[in-house]
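Here's what Swiss-Prot has on this protein:
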DOMAIN    11-89  domain 'RRM 1'
REGION    166-289  region 'UNR-binding'
MOD_RES   LYS299  N6-methyllysine
MOD_RES   ARG385  omega-N-methylarginine
MOD_RES   ARG419  omega-N-methylarginine
MOD_RES   ARG432  omega-N-methylarginine
MOD_RES   ARG436  omega-N-methylarginine
MOD_RES   ARG475  omega-N-methylarginine
MOD_RES   ARG481  omega-N-methylarginine
MOD_RES   ARG493  omega-N-methylarginine
MOD_RES   ARG506  omega-N-methylarginine
MOD_RES   LYS512  N6-acetyllysine
MOD_RES   ARG518  omega-N-methylarginine
Amino acid sequence: MNPSAPSYPMASLYVGDLHPDVTEAMLYEKFSPAGPILSIRVCRDMITRRSLGYAYVNFQQPADAERALDTMNFDVIKGKPVRIMWSQRDPSLRKSGVGNIFIKNLDKSIDNKALYDTFSAFGNILSCKVVCDENGSKGYGFVHFETQEAAERAIEKMNGMLLNDRKVFVGRFKSRKEREAELGARAKEFTNVYIKNFGEDMDDERLKELFGKFGPALSVKVMTDESGKSKGFGFVSFERHEDAQKAVDEMNGKELNGKQIYVGRAQKKVERQTELKRKFEQMKQDRITRYQGVNLYVKNLDDGIDDERLRKEFSPFGTITSAKVMMEGGRSKGFGFVCFSSPEEATKAVTEMNGRIVATKPLYVALAQRKEERQAHLTNQYMQRMASVRAVPNPVINPYQPAPPSGYFMAAIPQTQNRAAYYPPSQIAQLRPSPRWTAQGARPHPFQNMPGAIRPAAPRPPFSTMRPASSQVPRVMSTQRVANTSTQTMGPRPAAAATAATPAVRTVPQYKYAAGVRNPQQHLNAQPQVTMQQPAVHVQGQEPLTASMLASAPPQEQKQMLGERLFPLIQAMHPSLAGKITGMLLEIDNSELLHMLESPESLRSKVDEAVAVLQAHQAKEAAQKAVNSATGVPTV
């Protein structure tokens, strides 16, 4: 092939049939001996970041790309032979059908390489593929030649020839639209009739007797099993279309031996599957449309609520077509569905019932979503949050991000340039005014109004509004734990004692976990212009969080209370991701978060969804880094 041919100025190769684990680095190692490479890209799913099984390799010189195509096609990478062809960026060239031929009735042993070797004698091949499924070859394939003349030579010489003792059909490639048009035309002039549901006592002679009155038949066959017993269906092939049509019109739906038989046009398996698929998709779409905006998802149900009670609670808002509490082993799973007759009734029910306490629990009520919609919504939410975090130029503390390795999480407060980059939460509360409180009112302490919390006895340290000499105040954490600490209440410390307890050198904070609650004690080494010290706060323990306790707390404290209880549970499942997952879950409605605290299964389900989103994002970043490290240039 001429390397300077105008067909391939980009020197770009398509590499298909890749193993799912093949990466850009592996392809670079494989193809770099052929010549300098500009870039490599393995195409991946946008959500899961899994490989789609093909990649593009861009060489600097067309001659190098041609060398790779000639010498490496069908080479094995991770146990799978790869299929290489020129990259056709113009889809019209691929879809026009010029130079493309179709081969069927192939032996199972013929693979891509054998097909390529067989047809390469007729001209340059752009692509060659045997169609396969999980069981191997499906018995047909395609060969795309560079010119139409080569394709016509292959059809002329190979059609009807034997390949591995099987007579193959070789013909011009036809698009699906062309095939469907031909099939539709043939369907109107059918002569083959399919009959079913006539029982086991039917044979060929009797079937011929039944249908012979409509016209001469070329063949009659009742399908039987290994023992010769009828399978209950058969075929009659007439000479003329008019006779076949008359048989269908008169015999379809008639009773035979007490059974209603079906008589219709015989269809190929692919045609029948296509029609059934179309009907199924239509039914699915109709069902989605019918329940759009009227089906409600109800969560956090009391164990004593059954279908009748659920219907009774929602019946004041309109006509209910169905109400179902999901059960497992005879016990309620804590959620169910209520379907109304109109979207207006469903909207009213959501407005009135969401958050209402029924029996002993507050309900979570929302429009029901399919699993795909929920996952897409969660992924979209996460991507938006990540984009907003990247858009902030200054250091940002992630929502409830643990300060490694202590596990203490901090509120998300963006820093300004005139302030130290990292502060403990209580000092941020002092320094940063919040629009949710008036200038005269002080912002509550993070642990204020929490059961079992003891407020610091020492007064708040003064601070300076002057810009510090350094743009950052370093944050020093430690994994040490305070040993042999009893559950005693801290009282005021004299100034002298406080001075004596603070050494001149930098100190390391120590932590104690009491009854599932973090007890941070931090010392901040500030610059000379900022003099601050975080008093120790000792939390004796936490009472179980109830709906009434949550409702009585100020709105700004509710997420804090929920986060304090969610974080240890999530940390037990995923220690390294606990901070990020907690921040993601805190965007959910409070009543649903309360249900998660009471239901480990519900919490684990939501945590698993969040982990899937995080892993997808991390895989995307890892793939990007792998490309940059392998090629040293940006991906195309």
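Each residue, glycine too, has its Cβ placed from N, Cα and C.
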Model confidence over the region 'UNR-binding' (166-289) (mean pLDDT, whole number): 87
Mapped DSSP class for ARG385 (omega-N-methylarginine), helix or strand or coil: helix
DSSP state at the residue listed as 'N6-methyllysine', helix/strand/coil: strand
Three-state composition of the region 'UNR-binding' (166-289), taking helix and strand from DSSP: 56 helix, 36 strand, 32 coil
DSSP residue counts for the domain 'RRM 1' (11-89), split into helix, strand and coil: 22 helix, 30 strand, 27 coil
